[in-house]
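Q: Features from TrEMBL:
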- 76-99: transmembrane segment (TRANSMEM)
- 165-183: transmembrane segment (TRANSMEM)
- 190-212: transmembrane segment (TRANSMEM)
- 218-241: transmembrane segment (TRANSMEM)
- 262-280: transmembrane segment (TRANSMEM)
- 286-305: transmembrane segment (TRANSMEM)
- 317-338: transmembrane segment (TRANSMEM)
Amino acid sequence: MANLLHLCNRRFALSGLTALRHTTAAQYRPASSNRPMLTNNNIGTVPRAQWKLQALSRTQLPHVYSDLSKGKLTGFVVLTAMAGYAIAPGATHISVLLWTSLGTAMCSASANSFNQWIEVPYDAQMARTRNRPLVRHLVEPGHSLLFGLTTGALGTLVLYGVSPLAGLLGFTNIALYAVAYTGMKRLSIVNTWVGSLVGAIPPLIGCAAAGALGPEAWVLAGIMFAWQFPHFNSLAHTLRAEYSKAGYRMMSVARPRLNARVALRYSLLMFPLSALLPIIGLTDPWFVVDSSVVNAYMAVCALGFWRHPDTKHSRRLFFSSLVHLPVLLMLIMGHKLINDREKRK
């Protein structure tokens, strides 16, 4: 294990050279002058990177692990998995819900930790990410890798214990996020569609934990897939200068007009997707009316962003998406309860 951590830390020191010209001396300290110099045709002669940990107390470790897991994002992922379990037929066991939530949280933590381990040279160049634990030298790269491997293995096993299909979906999501999405971010704007697929899988995990992937699972996954675009595209527009500096091939950087158009397109898709829920018998018909109000709010913001693709309208769309999804999920739960009550009469 010691050899593995040594190799991981050596890999990071070499890969971090590409970010040296964008970081401060406090972040990357040069080695002594008698150490060999590494050259790169693009950046000239630079000193070998030297890893230097900051002092870290045990009381700080939970916060560091939360940052490696992207705690808020992981909480959101768990929420959507719980929503998937709640709408599935036969979802009656609280213990199954808790185990599913724990396994999903571990899988999400694993994927996010791998993502930071891979992207730390680029995180150092962006104001939004430069305070992450690896950039600040709070933990070694090997520590982050080990954390990702451990949580990924445990999360997959926990979900597999609940349902083999849930375990397979959890493992697939780790691979999609850490390998496919992270790898494509510097290659193609298609990375946004891959990232949206990652966001659509947690509801499927919840439904699989309840026993099967019925029509309601796929509709909810479709809603989650479509929601990712107005949410992320608006955020990416606000951060487009930083994404460009770090070399990410985001729609907001490469094709800004397409970025706004795609956000509007998928905002409008929320209407027919929501209308499918009463058709398949999950909610009562009045859900169409209530959901249309919520969907219209985000669609109007997306329309404004499409007409005026500036920071003001991108932020308005982003914050509308933060309100939209939890309200829509609560409406689905509420109208499902009403529909179930009507069926029992």
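For all residues, glycine too, the Cβ spot is worked out from N, Cα and C.
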Q: What same-chain residues lie close to the transmembrane segment (76-99): Cβ under 8 Å, and 6 or more beyond its ends?
A: 105, 108, 158, 161-162, 199, 202-207, 209-212, 214, 216-217, 220-221, 224, 282, 326, 329, 332-333, 336
Q: Select the range from 165-183, 190-212, 218-241, 262-280 that forms the most Cβ-Cβ pairs under 8 Å with the transmembrane segment (317-338).
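A: Stretch with maximum Cβ contacts: 218-241.
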Q: What residues in the same chain, six or more past the boundaries of the transmembrane segment (190-212), come closer than 8 Å to it by Cβ-Cβ distance?
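A: Same-chain contacts beyond the ends: 77-78, 80-91, 96-97, 99-100, 103-104, 108, 111, 159, 162-163, 165-166, 169-170, 172-173, 176-177, 180-181, 184, 218, 220-222, 224-229, 232-233, 236, 249-251, 262.
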